[in-house]
C-alpha cells in the first residue's frame, strides 16, 4: 500500500528503512534558529514531535526512552544529588529525574529554547514538573556550558541529544566527554543516548566506547531497550562511570522506588544490561 | 518523504503504523492455496519474504526471532530429545533446533508446502540443515496432526505461526492448547510466538495466558526481544511448562552451548524474562 499525505514518514535512507505513523493533522510547524520542529496529532500514537523530519517522541511510547535514559543511571549512582542534562528539550528526561526525591538540583542545558516552549504547549504531561524549585533550565550550547563548569560538580550527567550528525556530533567526541569526566564528582555516572544496537553498532557504538575510554571512563556498559518509534525500534543508552562500577546498581532501592513507572523496574534494569552476542566486546569496558 | 514503488511497506492500519524497506526488485510472487507469498531483494536488509503483505523475515534480522523462539525453550527443558514445530515453513526455527546435539527427532508440520519450497530456493542459509536425518517435514494442518498424535510424545513444542487472524487463529485457543498439553511429556515446554508487547498486550497476550491456563499450563512467562522488521520492532515468545518451571533454565549449558549464536546467550535469556512494569500480572503465571 502506498502511503499518502495522511502519514508522517521518517526515512533512514542509508539503512533503506522507513517508519510511518498515520496522522490526523499537523498542529504546528516552525523553523527555529537550529532546526525544523513539527507537531502532529496521530491516529493511534497520541501527539508526535519531529525535528528535521525525525521522530523525537510520541505520547504513546516516549515512556520507554525517558525511563531508560534516567532510572538506570540514577540507581547506579550511590546517592545522586546533582544532575546535569545536556539537550532533553522536551523535558521528559527532566521529569523522570525529578521523581527521585534525593535529587537536590537539576540543571538542563538545551540549545534550542523553542523545543521546550513547544513541549510546554503540546506535551504538557512532560513539562508539568518544570516549575519544581530544584530545576534550573538554561538555553545555551551544552558544550560551552560544560567547558566553563567547575570540576567535580555533578553526580549524574545525562546526554539526551539528537543523532550524532550536525549539532550533536561534538557530544560524542572524546574532547567533550573528557570535559564531562572532569565535571563529574568521583563516583559519578554519565548516561548517553547511543542509537540503535542493530543499525549503529559499528559506526556509533564502538567509536563511542573508544571515545569514552579515551576520556577516562574505564567502566562502561550499553543498555538496550525498545523504542518502537525510533529507527529499528531498538535503542540504547550507554552508562560510563567515574570510579563507579556501572554493571551494579541499587537493586533494593530500585524495587522500592517511590514513584510509578511503566517500563522500568529492577528486573528490566538488570535485563537491559545483557549484551547481545553480536555486540560482545563492543558494549562493555 | 513519500514512498514510491521502490519500497515494500507493511501497514498495520488499526495501529496507524507502517514499516517500509527499500527494495531493488521483486524476485518471486505467487498465490499458494493458502496465502500470497512474495520475495524481494532489499537494498540493506538482504532478502525479504512477505506473506499476505506482512514481513515474515529478512536476512538481516531473522536471527533475533529464530534464536529467541528456540534456545530459551530448549535450555528451559531439562533434556529435550523430541521437538514438534507447528508452522515454521521458512525453516529458520527448525535449523536452530537442529543445532542442539541432544535432539534426536524434530517433526515440523507446516500447512503450506510452498513456503518451504520458496525458502529452499531463496533463503538457502535457513534450509541448509533440512536434509538432517533427525528431521521429519510434513505439510498438513497442524491442528489435525496434533489431534491424532499420541499422548506424551514430545519434549518441546514450538508454535511458529503467522498472526492469530485467519488460519492461525485456532493456534491461540484453549482447545488446541489443551491438545498441546496432552502431547507434551511431563516436564515438557511449549514456546509460542506471541506478537508485540506494546501493541498486543491486551488483545492477544492476556487472552493467550488465559487460554494457556485453561489448557492446563500453570507455569507461563512471556519473553520480550527486538525484531526490527515486525510491527513496533518489539516482539515476544511465551513459554508454558507442563510440570516445568519456565522462569528457570540450564544457565551453565546455555553458556557452554556448542554452536554459534548472534543474539542469544545466557545473559540475554535471563534478561528477556524481565517483565516490563506495564505488563506485570499479564505476562507471568
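Glycine is no exception: its Cβ is also placed from the backbone N, Cα and C atoms.
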Problem set entry | Record-annotated spermidine site (TrEMBL): member among B:28, B:44, B:66, B:209 besides B:90, B:160, B:161, B:162, B:163 | B:66
Problem set entry | Three-state secondary structure, which DSSP defines for residue B:141 (S-methyl-5'-thioadenosine binding site) | coil
For this session: Can you tell which of B:90, B:110, B:141, B:160, B:163 has the least company, meaning the fewest other C-beta atoms within 10 angstroms of its C-beta, among these recorded positions?
Result: B:141
Exercise. What whole-number distance in angstrom separates the two most remote CA atoms of the spermidine-binding residues B:66, B:90, B:160, B:161, B:162, B:163?
Worked result: 16
For this session: Between residue B:66 (spermidine binding site) and residue B:160 (active site, proton acceptor), find the distance joining the two CA atoms and give it rounded to the nearest Å.
Result: 9
Seminar exercise, completed: Rounded Cα distance in angstrom between residue B:163 (spermidine binding site) and residue B:142 (S-methyl-5'-thioadenosine binding site) is 15
For this session: Measuring CB to CB from residue B:161 (spermidine binding site), give everything in the same chain under 8 Å that is also at least six residues away in sequence.
Result: B:86, B:87, B:168, B:171, B:192, B:193
Seminar exercise, completed: Students should find that the Cα atoms of residue B:162 (spermidine binding site) and residue B:142 (S-methyl-5'-thioadenosine binding site) sit apart, in Å rounded to an integer, by 13
Exercise. Using Cα coordinates, what distance in whole Å links residue B:110 (S-methyl-5'-thioadenosine binding site) and residue B:90 (spermidine binding site)?
Worked result: 9
